[in-house]
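So the structure is just underneath, and the comments pick up after that.
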Amino acid sequence: MAVDMRTFLAHVELANPITTAAGCAASGRELAQFFDLHRLGALATRSITMAPRAGRPTPRMAETPSGMLNAVGLQGPGIDAFLERELPWLAQRGIRTIVSIGGGTVAEYSELARRLADAPGVTALEVNLSCPNIEDRGRVFAREGSAAAEVIASVRSIMRYDVPVVAKLAPDVADIVAVARACVDAGADALSMINNPLGMAIDTEALRPSLAAVTGGLSGPAVLPIAVRCVWQVHAALPGVPLIGVGGVMTGADAFQLILAGACAVGVGTALFHDPYACLRIERELEDLLQTRGFQRLADAVGLAHRPPGSAPRHLLVDSEESSP
Amino acid sequence: MQVTGTVLTTRRVDAYHALTVVAPGIAERYRPGHFVSVAVGGAHTSMITRRALTVHDVKPDYGGTVELVFTVRGPGTAWLAERRARDTLDLVGPLGRPFPLPRDPVHCVLVGAEYGSAVLFPVADALMERGCRVDFLLGGASADRVFGAMRARRMAETTTLTTEDGSLGLRGKVADALPSVIADTRADAVYACGPMETLRAVTAVAIEFDIPVQVAVEESMACGIGVCMTCVIPVIGDDGATRMVRACAEGPVFRGERVRFEDVGTIPFDALGAPGGGARHAG
């Protein structure tokens, strides 16, 4: 029997839990050359900013062991061009779209939310909190619970009630649970974690940093354990909050780890650079895994690893229930 | 499209490596200038970015083969160099925008430096099919790094070779020899592929002669399909505005005079969305 792969992001139903990770699917059209985007649970856009952004100078990428560093600098078309060209293209095709936004001030995030509030085709709004706060010496919002909460509260008050607001959290913080709680208290309907932790590589031939921007976001399988840890900690503290697990997912088993840790949806990012069909493959592998483990619904596996040690494996539990009179 | 190709033959071409891979879907759709990306390191590799490779030749044998040319620059290309016949490779392609070809039978100079020359041979085939006259100008640091000299001699009306150490042909770089080649062949257009510095110099010569120049850039890429945004270069659009465009999706072929070679590796202050200025001129 097929596994029921439906999942809920707050009250929004997704046909399956696999989404693209923000910033890893460009405008959507690039991946549409390879497969039908309707087969994704949702497509997350790159982080849209108010003005067009040219991003960082090159080199922007460096391969690292089981991962890569990137310093793209939110290159993107700006909100006007996004609303004119990119969002309608997705909306006309009925593709579930998580729009990611990025800004330098609370006012900028609010203005972006205002522009998106009436735009058709926004399934959910993801707030990229890993942007430098211009008003606070460039410290990123996600590092500071109060700064993150201020952004979320403002965006939540502007966005339509039926569009979930998702806070995207960074792992480079002393206490991710505190930031998560601040965002939820400020009105976040769901949380997405993790954004890239910061890393750095040095070119031993040029004797200089490999990236023009010196530091960059680390992604790929190298960061999966960090993502699992963050999802685990936040789910333990806030079990009722829907979590999108993101970070280094390359296989269905990786996605399954995040789901067992407490994620109800899984973002696939760097894997797309390696394999344009990664989302479909991971979804299929995840479904197979769930089926082999005796699950009928994905929802039954969410956070299951949190059950106390010594409790019986779930599929055995099902068997004993069925055999009992 | 993504295919699992089977390696048919491997060979060394001077300082470079060439792999012929059976990849029917890719061979069928290939146009000169396209590239392919290949996963390296096998199933459980720690190398997660694909390598973008130049296609040197496409043949209809075995349902369609592509010959890929590369040089060993790191562990990924070293792994590729160790592939043997019957090994399989994960290929995605054909990728990028191909070279535009002239409608009329014009005279074309094809300029290649290092293994960038490889991409010019399918271009030459296509041009000759259209009745164009083709002349080659190939160069490299030393004789073993001039790719395809023999094949060029067989195909082209004239072939000029340059090496920086003088070990083959003229001493110097391709751009140094280009003015006389253009003058001698009365060329109407230039096609070029090679390192950024070579393309900059070649474009400058073509502009001097006031003839169109099409360049295929070699920029490092992670995905090759336009999603990772790491291979951007500053290019002037039809509207006169400079944008940071992806070498993989908008390129790798550009009109030479549109590429701001001096500014590659920077964000020009007047680029669309540049920090502190360009953004204000948007729209």
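Glycine is no exception: its Cβ is also placed from the backbone N, Cα and C atoms.
Pulled from TrEMBL:
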type: DOMAIN; residues: A:8-290; note: domain 'Dihydroorotate dehydrogenase catalytic'
type: BINDING; residues: A:N70, A:A71, A:V72, A:G73, A:L74, A:N128; note: substrate binding site
type: BINDING; residues: A:N128, A:K168, A:I194, A:G220, A:G247, A:G248, A:G269, A:T270; note: FMN binding site
type: ACT_SITE; residues: A:C131; note: active site, nucleophile
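Features as recorded by TrEMBL, highlighted on the structure.
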residue	record	Cβ neighbours (10 Å)
A:N70	substrate binding site	29
A:L74	substrate binding site	21
A:N128	substrate binding site	28
A:K168	FMN binding site	30
A:I194	FMN binding site	28
A:G220	FMN binding site	28
A:G247	FMN binding site	31
A:G248	FMN binding site	27
A:G269	FMN binding site	26
A:T270	FMN binding site	29
Secondary-structure category, per DSSP, in which A:G248 (FMN binding site) falls: coil
Near-B candidates in A:N70, A:A71, A:V72, A:L74, A:I194, A:T270, the binding-site residues, by Cβ under 8 Å: A:N70, A:V72, A:T270
Chain-internal residues, separated by at least six, CB under 8 A from A:G73 (substrate binding site): A:R53, A:A54, A:G55, A:R56, A:R60, A:A213
Longest CA-CA distance among A:N70, A:A71, A:V72, A:G73, A:L74, A:N128, per record bound to substrate, angstrom: 16
Residues near A:V72 (substrate binding site) in space but at least six apart in sequence (CB under 8 A): A:G23, A:G55, A:R56, A:R60
Nearest recorded site to A:T270 (FMN binding site) by CA-CA distance, among recorded positions A:N70, A:A71, A:L74, A:C131: A:N70
Site diameter for FMN, Å, by largest Cα distance between A:N128, A:K168, A:I194, A:G220, A:G247, A:G248, A:G269, A:T270: 19
A:I194 (FMN binding site) versus binding-site residues A:N70, A:A71, A:L74, A:N128 - nearest by Cα: A:N128
For A:G269 (FMN binding site), the one of A:N70, A:A71, A:N128 that lies nearest, given that the binding-site residues are compared by Cα: A:N70
From recorded positions A:N70, A:A71, A:L74, A:N128, A:C131, the one whose Cα lies nearest A:G220 (FMN binding site): A:N70
Nonlocal residues around the residue listed as 'active site, nucleophile', in sequence order (Cβ under 8 Å, 6 or more apart): A:S47, A:L74, A:G102, A:G103, A:G104, A:V140, A:F141
Top Cα neighbour of A:G248 (FMN binding site) in the set of binding-site residues A:N70, A:A71, A:N128: A:N70
Spatially closest candidate among A:N70, A:A71, A:N128, the listed binding-site residues, to A:K168 (FMN binding site) (Cα to Cα): A:N128
For A:A71 (substrate binding site), nearby residues of its own chain (Cβ under 8 Å, 6 or more apart in sequence): A:R56, A:R60, A:M61, A:L211, A:A212, A:A213, A:V214, A:T215, A:G216, A:G217
